[in-house]
Amino acid sequence: PSCLGYPLSIFFIIINEFCERFSYYGMRAVLVLYFKYFLQWDDNLSTAIYHTFVALCYLTPILGALIADSWLGKFKTIVSLSIVYTIGQAIMSVSSINDLTDHNRDGSPDNVSVHIALSMIGLILIALGTGGIKPCVSAFGGDQFEDHQEKQRTRFFSIFYLSINAGSLLSTIITPILRAQECGIHSKQRCYPLAFGVPAALMAVALVVFIVGSRMYKKVQPQGNIMIQVSKCIGFAIKNRFRHRSKEFPKREHWLDWASEKYDKRLIAQTKMVLKVLFLYIPLPMFWALFDQQGSRWTLQATTMDGNFGSIQIQPDQMQTVNPILIIIMVPVVDALVYPLIKKCKINFTPLRKITVGMFLASLAFVAAALVQVQIDKTLPVFPAAGQSQIKIINLGTNDATVQFEPKLQSVDVMSMKSMGYMTFETSQLQSLNIASGNKTINAVVKLPGGSRHTLGVKNTATGIDIKWLFDNVTSKPEEGNNLIRFINNLPDAVNVTMGDTSFGTLMPLSASNYNLFPGGRKDKIVAIGNSIPCSVTSKAFGFGSAYTIVINQCVGDTLNVTYSEDIPPNTVHMAWQIPQYFILTCAEVVFSVTGLEFSYSQAPSNMKAVLQAGWLLTVAVGNIIVLIVAGASKLSEQWAEYVLFAALLLAVCIIFAVMAYFYTYTDVNEIEAQLDEEEKKQAKKDQDVYEKQSEAVSQM
């Protein structure tokens, strides 16, 4: 059956691919944040495990291709590995259910190792599944066409690529929204089970759709795997060359010619072409090392930025959607506009030059990321080191106050109802404080633990100066753009404080509440009830990633009078500043990735495409392993320096590649194939002549 000149089975394959990519990219988009916030890993471990997973996903295709070509055939391989994949996604979803081990119901899992074990099993199964079916699905699609449908087949591959990007685009938008929901049985949490569950459901849909089309598919029997033949041929050549290493054996033109005793000329010629391309692949992993950090480092960078786009609030993991959106726009633009313009300028923009430009652009994108990081670092608060203490003063009284840090460290004046930002002291040096306000003075001995922040409330009252020490237990910026809020009661009576839906309980005079988390970018109503009279005010709009102490000063009528003291400044660098680096990196991807595969296919015989596909995916895997090595080996404490390091490494590799490309001579595959055909014909004719002569001789006897 056919539709619009295409085999009907194609539509099932495209829908299957769309669902599978949705499932994979959706899960991958929230993965690094799941590690960080749910499993409570630090940035470096989260990045490391993320890249290990991606590397696995690109190593397993080689396995998938072997199984399909030598044993099960493509159809059975896709079905059986999709089942493994669906189970993996389901396990991943279960692993993120916080109520699974949260017995004391405090909102965080009690036994994290159970969750870690489950998610690692889930990720391994997913890597097996997604990797194993990756080489089979597109090839299986190509199998559905007859030989005369060359045009349709080419168009199928474009639609196929489009469905990959559509799937990844939609899932990168939708999954973070699901993650940002609140859900849970006993306590409200970020909804990771939903963010992993929807991809799992779609994977199941992909599997069902694929099986439903079963009767229409053209199923080609497994032909044996060309990769195995190529490897054997290379292995034999090396062994044979080693055996004949002494001087008396004549040299051969190419080391692969040593395989000619056992393998036919055609296979050797094809293997030479493949190796020539694979040699060029050696520098390429460095590009992927940078490219795949969009999902790890760049997403973590976005968590320290301001995601307020007017009416829309962007989640850090949603910034990754910039890439598929731009791809869908850029591929046609580059093909229809940019390349023709370059051609008009009489520049010969060869595929290898395109790849070199792609590497250069990716390196540039990381310089842009480093510049953004420098801006972010300027806004990050400095927290005390181990032997230091930080003190902030809030004057709660109606008179100005002067605080002298003894012995003679420094002196500050704090206006009435104002606060003074954090000052850093060596814990061992600071011994006491002298506080003067109005006409009263007080001396207080100070004993603080090192490495912590404290707030000192000072109030001049009728009977003297009251002081109140608060321990500020926040030693990092609130994540995901949330804000931390706490209250100090500066009224003469106890009050019950709520803000939005969160109750801070009853606060005694001059006492403070604990910090509570609030989503970023919102205004909430503050209600204080003292002596059963409610008093309220709408808070100011807090930014993203800040911490505030709100002082409740008085109640006039039913309006509350409050002052805000900023403990940690909000994220001020806007997420839109990430767009330039995403744009440059997407341009790099368009000239690099699309060209890379086309070039490989044009430089090798058609039956060797599987080997090149495997080599290409291998470069992605190695790239992710490079991230592990570089990020692990470089003990750079500054994130911007790590970005610059990666940019420099890629630039160096880019120069090496440019030199390799300069000496590369393009192969005309058809010409070589034609020559081989010609030789084979001649050989056949020779054999035929010999045979005829022999039979003549026999008949004359």
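Backbone N, Cα and C define each Cβ position, glycine as well.
From a predicted model like this one, the values you see are computed outputs, not experimental measurements.
The following features are taken from TrEMBL:
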TRANSMEM  48-68  transmembrane segment
TRANSMEM  75-92  transmembrane segment
TRANSMEM  112-133  transmembrane segment
TRANSMEM  154-174  transmembrane segment
TRANSMEM  194-213  transmembrane segment
TRANSMEM  273-291  transmembrane segment
TRANSMEM  325-342  transmembrane segment
TRANSMEM  354-374  transmembrane segment
TRANSMEM  610-631  transmembrane segment
TRANSMEM  643-664  transmembrane segment
Note to self: Check for me, if you would, whether the transmembrane segment (75-92) reaches the transmembrane segment (194-213) - at least 3 Cβ pairs under 8 Å, residues 6 or more apart in sequence.
What the structure shows: yes
Checklist line | Listed stretch, out of 48-68, 154-174, 194-213, 325-342, 354-374, that has the most CB pairs under 8 angstroms to the transmembrane segment (112-133) | finding: 48-68
Check: For the transmembrane segment (154-174), what are the same-chain contacts with Cβ under 8 Å, counting residues 6+ beyond its ends?
Finding: 6, 10, 14, 17-26, 29, 138, 141-142, 145, 198-199, 317-318, 320-321, 324-325, 327-328
Item checked: Selected stretch (most C-beta pairs under 8 A with the transmembrane segment (48-68)) from 273-291, 354-374, 610-631, 643-664 -> 610-631
Check: Which of 273-291, 610-631, 643-664 shares the most C-beta pairs under 8 angstroms with the transmembrane segment (354-374)?
Finding: 643-664
Check: Looking only at residues six or more beyond either end of the transmembrane segment (643-664), which have a C-beta under 8 A from one in the stretch?
Finding: 276, 279-280, 283-284, 286-287, 289-290, 293, 297, 350, 352-353, 355-356, 359-360, 362-364, 366-367, 369-370, 373, 630, 634, 636
Next item on the list: Residue list, the transmembrane segment (273-291) vs rest of chain: Cβ under 8 Å, 6 or more residues beyond ends.
Entry: 230, 234, 256, 352, 355, 358-359, 362-363, 365-366, 585, 588-589, 592, 596, 599-600, 603-605, 608, 611-612, 615-616, 618-627, 630, 646-647, 649-650, 653-654, 656-657, 660-661, 664, 667, 669, 672
